[in-house]
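Noted in Swiss-Prot for the protein shown:
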type	residues	note
COMPBIAS	809-840	compositional bias 'Polar residues'
COMPBIAS	921-931	compositional bias 'Basic residues'
DOMAIN	570-683	domain 'Cadherin 6'
CARBOHYD	ASN419	N-linked glycosylation site
CARBOHYD	ASN545	N-linked glycosylation site
REGION	800-840	region 'Disordered'
REGION	901-931	region 'Disordered'
Amino acid sequence: MASPPRGWGCGELLLPFMLLGTLCEPGSGQIRYSMPEELDKGSFVGNIAKDLGLEPQELAERGVRIVSRGRTQLFALNPRSGSLVTAGRIDREELCAQSPLCVVNFNILVENKMKIYGVEVEIIDINDNFPRFRDEELKVKVNENAAAGTRLVLPFARDADVGVNSLRSYQLSSNLHFSLDVVSGTDGQKYPELVLEQPLDREKETVHDLLLTALDGGDPVLSGTTHIRVTVLDANDNAPLFTPSEYSVSVPENIPVGTRLLMLTATDPDEGINGKLTYSFRNEEEKISETFQLDSNLGEISTLQSLDYEESRFYLMEVVAQDGGALVASAKVVVTVQDVNDNAPEVILTSLTSSISEDCLPGTVIALFSVHDGDSGENGEIACSIPRNLPFKLEKSVDNYYHLLTTRDLDREETSDYNITLTVMDHGTPPLSTESHIPLKVADVNDNPPNFPQASYSTSVTENNPRGVSIFSVTAHDPDSGDNARVTYSLAEDTFQGAPLSSYVSINSDTGVLYALRSFDYEQLRDLQLWVTASDSGNPPLSSNVSLSLFVLDQNDNTPEILYPALPTDGSTGVELAPRSAEPGYLVTKVVAVDKDSGQNAWLSYRLLKASEPGLFAVGLHTGEVRTARALLDRDALKQSLVVAVEDHGQPPLSATFTVTVAVADRIPDILADLGSIKTPIDPEDLDLTLYLVVAVAAVSCVFLAFVIVLLVLRLRRWHKSRLLQAEGSRLAGVPASHFVGVDGVRAFLQTYSHEVSLTADSRKSHLIFPQPNYADTLLSEESCEKSEPLLMSDKVDANKEERRVQQAPPNTDWRFSQAQRPGTSGSQNGDDTGTWPNNQFDTEMLQAMILASASEAADGSSTLGGGAGTMGLSARYGPQFTLQHVPDYRQNVYIPGSNATLTNAAGKRDGKAPAGGNGNKKKSGKKEKK
């Protein structure tokens, strides 16, 4: 068992503490406790009930009590708590005097079992005693003829405390004649002596008053003083003399009390009172005066009480012989006490390493200690040992010193600390042993990198996430400790879509939490591959990497986008054609839409939201096909408005609507003839729009008529050069003014009702589609039969005033569409489809004239919708077959059959050259009007 530290400071608040020993049968061991002195009555010493293996209430039931040995009862039992407590204040100095070890022994009797248990309580010293001189005033006499250097013996102070709390030094008040010299005796005691520094003159100063102060080594330092009165005497020639001047004697510690140890003898050659000697102890300690007795006349020393080797191995005394003339002589007396084996060995740690690095080499010294046994001979011979299962060994050094060394490599991650039990045993009979515990911590070395629990991670984040949102957390474990286990996280540098990954995701270096630095868009970014690095803070740092796959989950954040039919830029609705002869299920058009989302967020369904004629049309739920639900009747209006809704399957669903205008007619002339009779539901906004259109058409018509008049004047001046143009102008002059429509009116008509017609040779049904009108002033022409005639003549006046020639422009490939780019075909067609829309007033005039002529022919009933030479039948190359490709321009879908001429007004193509082809005859529509 290990005793607690024995150092106590004076004046501190001392808390009782207990050293719990091992409870065993009488004769095989004792219960040991330790406590500081001067505790209050009832202070806790130890849990005697626990050490006896009893409950507190069993103390009274079993008759447990303290058996005294005739001494004053110092301790008592508390029956309620089962504790051993003090019966009163215990003064160590009163109990054990100057003994270094103060132990109180008593027995505990358990009456019902008739068992006796030995108990030892060690009383630990505190600095509670001041150094004290025996007398408050000391009178010293000195001859006036004393030479410089004469020493006068002074009484030494006694300090009842032991160890560091005992006496340490002396101080003398300042004076001219004396100084203080402190002599250390062989027993370690400090003896003050007064040394004469200057000769004395009794006639000048008879008495010298000095103050001697004794100081101890406690904290705080305690002191005691005595007043020294030095009286100067007349000369005394001879001082007493001891022969020999030092005495020694050895006695066993168990000698009887009263045994005479030795006799001292001193001589003085003086006579009379100056030769009469008296013996006394100089600076006698209280322990000396209590242990030994000195006969003042004979100089005989005997024992007053028994000796204890463990309390004091030797006693050092100084005996003074003084004559009547105040001269003295002193002799040293050493009493050595012989040992009896009654002390267990002790371990004294000289040097201890509390922490050792785990990478230390085998043979590293951990501790240096010495062993000591208060006994002597075989009783003091000691053997040391430690447990064999530890990676340590003992190696003996000089004297009783030992080294504790490592025997193999240490691993902190396996064992972080050790508690090494050191056992020392003497060779006495019976042998005594002591155990001491040496704690040792293994300091960490950065030999383990951070470790991720998984080889890779994956996580997901929903798109449109807020910036700064936490998306994932990674944690790496480092089995090291301290800074070597402090892990920081970072992302490997990389780029994605031209931007660094650090602009997409950041990571908290301390927690490993990843944050989104931007709002992700599933349509732009679907996944990110990241590498997370975990680094410790060791030197050098170790690190490891783990991959993290970040997936962006789609949200329904995109409304369906309608690709076909496309809306015109002027705000009007697209127009589709349905013949009145169409049967139920006839495909009118197909609404094509896409959704940028994915999964069910992109699943689209179509429904008819509103119709001007309910029950006439139906929309395919999944195909978007607009079909007739019943046969068309004569009473059905020419213009039918359908509102088609396209909705996805997201949560919540998003939708888009599209208005389709269906023109019900078998022939294009029917459409032209019935334009004025189309009735639409009255809408306040439509009324305003109609008013604006009427005003615009009237204004444009006026401008157009003025232009025609100016043009006719110019043409009359060139009558001989433009017979064909003059004939065409004569036909236009015969048309009633009401048949003319302004340029903007024609353009609006074409944009609203531009269509494609698919005719088959074996069917009278025609499929007319009104695709999105396009906004450039170009019209594609195509050769659809063997004969062709120019549709438009362009003229240019050169410097030599040559005649204007009709030319056929080469194909314009600037906006040509290949066959693969077109939504679908329903008839034969040529691959070289070129043409341009008219973009000046003259071309517009000519186009208007031909449209009116075609309308007249259609009204005449002599030409079919397909048209031949000299008619303006509009043939379409596209039927109601569609693809998902968004076609932005449908101008090439309208052409004028029967002519291979290209409408053009490009400045660079009016060079007056003869056309390369197209020299067929052209019928004048004016003749048909006459018929």
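The backbone N, Cα and C atoms fix where each Cβ goes, and this holds for glycine too.
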ASN545 (N-linked glycosylation site) - helix vs strand vs coil (DSSP): strand
Neighbourhood of ASN545 (N-linked glycosylation site), C-beta criterion under 8 angstroms, separation at least six: ALA492, TRP531, VAL532, THR533, ALA534
ASN419 (N-linked glycosylation site) in three-state DSSP notation: strand
Helix, strand and coil residues within the domain 'Cadherin 6' (570-683) as assigned by DSSP: 13 helix, 47 strand, 54 coil
Overall pLDDT for the domain 'Cadherin 6' (570-683), taken as the rounded mean: 84
Other CB atoms within 10 A, centred on ASN419 (N-linked glycosylation site): 9
